[in-house]
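Noted in Swiss-Prot for the protein shown:
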type	residues	note
ACT_SITE	Ser175	active site
ACT_SITE	Asp379	active site
ACT_SITE	His436	active site
DISULFID	Cys83-Cys342	disulfide bond
DISULFID	Cys243-Cys260	disulfide bond
DISULFID	Cys285-Cys310	disulfide bond
CARBOHYD	Asn134	N-linked glycosylation site
CARBOHYD	Asn255	N-linked glycosylation site
CARBOHYD	Asn331	N-linked glycosylation site
CARBOHYD	Asn347	N-linked glycosylation site
CARBOHYD	Asn461	N-linked glycosylation site
SIGNAL	1-20	signal peptide
Amino acid sequence: MAIVSLRDVAMVMVTVQVFARGYPETDLVVRLPGQPKVVFRQYAGYVDLDLNAGRSLFYYFVEAEKHPDTKPLTLWLNGGPGCSSVGGGAFTELGPFYPTGYGRGLRINSMSWNKASNLLFVDSPAGVGWSYSNRSSDYNAGDKSAASDMLVFLLRWFDKFPELKSHDLFLTGESYAGHYIPQLADAILSYNSRSSGFKFNIKGIAIGNPLLKLDRDIPAVYEFFWSHGMISEVVGRTIKIQCDFSHYTYAYPHNVSDACNDAIREAGDITTEYVNTFDVLPDLCYPSIALQELRLKQMATKMSMGVDVCMNYERQFYLNIPEVQMALHANRTNLPYSWSLCSNLLNYSAIDVNTNMLPTLKRIIQNKIPVRIFSGDQDSVVPFLGTRTIVGELANDLNFKTTVPYGVWFHKRQVGGWAIEYGNLLTFATVRGAAHAVAYTQPSRALHLFSTFLRGQRLPNKTDIAMHD
């Protein structure tokens, strides 16, 4: 008589549970190469948007570590435009795994946001990561088409995961997700107003270091450079005198004077060669050294202030391993190029980059959807200096009064950053010591900021307030 082990019984029970939930068996990720053992399930695969065009978006879904049946669902989108949410958000910032120091395995991210929520990462639009289209014109994308495709994606993804339709839905992201997330939220609210059936249970949006208003975000870059001693008094003064950013455009020559362009070019030359402008604090990882050590299967990690500054190269190496792509059900079209974080295929509308997002955010907040904007204070690419002003402008336009004045918030009895709240629906917070990718550089503070938002709580302004992530 055959003897059935407890392990076999457990595996059968897991399989039955997966089938019972109605989740897609073919998308179940059994285990990633080099992955530590975990108790939660993960899924990955494609959602077809247009069969005639052959346009499909790739996703990676991770259940909450505990109680996934009752935890909310959080969508995360990276920016760019044109950068991978799977590679960036999932495997570098807030997902459950980080690549190991030599890029051939994974280690646990002890501050993963799946401690608080189910997580969904989507490579959007088509042409980013493993998302694709068989029609080359689809790679001419913009804000409107990106939001439209993501709305279709979510509707069809919920058909794959019907049990999650009723869960609270939070939309989150960073950088150019300052465009992606508000426009998707706006599309969802419009869909809900028209639908007589299913409605998205949207509960809030949170965006880190977001591009919101180009004519304010751009001058903030040079204010940051000057205030951090990264450019000279002469260059800083020249930019202040010569540059009128009120009609600045993304495309060169930016609709500014030649003297202004000369000054900002000089500022860029001074600051970008030896400093990571996305995080001005840590040392750089030099690719030639990192890649050489990867080939030798040695630790390429060069730790600086507790941050693995070479993780970008480790992630690149790991996600290009064929066995990893097979485990993720990725690259089903056998793309003729290596996976990379940001797309070289995408031709994204430069005009859309100029769009002021405040009217869209205003509509969202008027629909009683809470908005939390947060900024890593060591990011010079979309600095908090501009974002703080922009959020204040939005609050003024909404006629919101200050409900919590600007002041420190705490985490683990240390200053986590500074925050201000307007009208009980709009919050701006800095994260102390964090970069453009907040969750990567300050993972514990980022998880705390995220968890409090999900629970509808304010960031604690006293050290003795007991709060759990």
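Cβ coordinates come from backbone N, Cα and C, glycine included.
Since we're looking at a predicted model, the values are computed, not measured.
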Using C-alpha atoms, which one of the active-site residues Ser175, Asp379, His436 comes nearest to Cys342 (disulfide bond)?
Ser175
Taking the Cα atoms as reference points, how far is Cys260 (disulfide bond) from Asp379 (active site) in Å?
23
Specify the nearest of the recorded positions Cys310, Asn331, Asp379 to Asn347 (N-linked glycosylation site), where nearness means the distance between Cα atoms.
Asn331
Cβ neighbours within the same chain of Asn331 (N-linked glycosylation site) - under 8 Å, at least six residues apart:
Trp130, Gln325, Trp339
Out of Cys83, Asn134, Cys243, Asn255, the recorded positions in the record, which is closest to Ser175 (active site) when you go by Cα distance?
Cys83
For Cys83 (disulfide bond), what is the secondary structure by DSSP, using just helix, strand and coil?
strand
Shortest C-alpha distance to Asn461 (N-linked glycosylation site) - which of the recorded positions Cys83, Asn255, Asp379:
Asp379
Name the one residue among Asn134, Cys285, His436 whose Cα is closest in three-dimensional space to that of Cys83 (disulfide bond); these are the recorded positions.
His436
Between His436 (active site) and Asp379 (active site): CA-CA distance (Å):
5
Cβ contacts of Asn255 (N-linked glycosylation site) (under 8 Å, same chain, 6 or more positions away):
His247, Tyr248, Thr249
So how many other Cβ atoms are close to Asn134 (N-linked glycosylation site), meaning within 10 Å of its Cβ?
14
At the Cα level, what's the spacing in Å between His436 (active site) and Cys243 (disulfide bond), rounded?
25
